[in-house]
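Chemist: Okay, here's the structure, questions in a sec.
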Amino acid sequence: MKISPNTISPSQSDPRMSTNVSQRSRVSGIGVPVSHSINNPSIQHVQDFATLSARSLRANVLLNSDDHSVPIHAKNPSELLEAIDNNISQTAQDWGVSIQEVEVILGSSKRIIEPVCGVTANTIMKLFLDNDIFSYSFEKGQSLSLSQLQERLASLPAHKNFILRVNDGGLGHAYVIDFPATTNPSRDAFLYQSDLGEGVTREVRFEDWMTQKASHPISLDDINTHFIGIAQDQIDLAHIAKLFDVDGNVKMLRADHLISHKTSEFNFQLFEYDLKNLENNMSIIKTHCN
């Protein structure tokens, strides 16, 4: 694997289990920052959800829910929280230990949980795509190879919106890229992610990424440069930092965590989305969680 630390170009694996916990659990008085981007109206909705899920237990359980058979807007946060409590109580009984000991391992319905990257990516996809007749599931999504994706990206209709979920084997990371409709000759994209900091890149909370970095556009060329570099083991750390580090700081990367990559280790799922559907899902979620 060849690594280039200084090439400058503009701005994380399948879902894994984790019990990393955030202490922020305020439910009321949520103030959502205004997006810095005027090119992408969907950013504000994802920011709203990230902020809500960082402060409301009811929204946080939606973020962490792994039941993909049910559309996100149809999930009942109270039922999900009750199911967690019942599972913890039953597990404590089965193991012969206290509820508190189980919560250390499995988490708690009474604390904000920051999910692994793959769970965040799946929930973002559901936020964009779920409706009354469709519920996104990563396991059932149609996957594209890198060459197939590049063909699709080269011919995306400019007047339509697209969302891309990426499993990036080189970084050991999953993330989502938003391609909003545009009237500009060049198409901007926007990256959404969370990261527990267990791989190449450092920890970043979903809310922090959405409020600090997500509204900074990246180009199709920048995205392709990263994909090709990973696939060919031509690693540009500065490019990775600019895309995936909240401050673009290459010194925060751990190059020793890079995985020697084969193209087949990428997993791409590309969908067209309707902005009104995203707006509707967020409106329902806010009603359920406020």
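Glycine is treated like the rest: Cβ placed from N, Cα and C.
Sharing the feature lines straight out of Swiss-Prot:
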type	residues	note
ACT_SITE	CYS117	active site
ACT_SITE	HIS173	active site
ACT_SITE	GLN193	active site
REGION	1-26	region 'Disordered'
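Quick one: how deep are these features, and who are their neighbours?
Modeler: Secondary structure at CYS117 (active site), taken from DSSP and collapsed to helix, strand or coil, is helix.
Annotation note: GLN193 (active site) sits in a coil segment as assigned by DSSP.
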Chemist: Determine, to the nearest whole angstrom, how far the Cα atom of HIS173 (active site) is from the Cα atom of GLN193 (active site).
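Modeler: The separation of the Cα atoms works out to 9 Å.
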Chemist: Could you tell me the C-alpha distance between GLN193 (active site) and CYS117 (active site) in angstrom, no decimals?
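Modeler: With distance taken Cα to Cα, CYS117 (active site) is 7 Å from GLN193 (active site).
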Chemist: Tally every other Cβ atom lying within 10 Å of the Cβ atom of CYS117 (active site).
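Modeler: The answer is 30.
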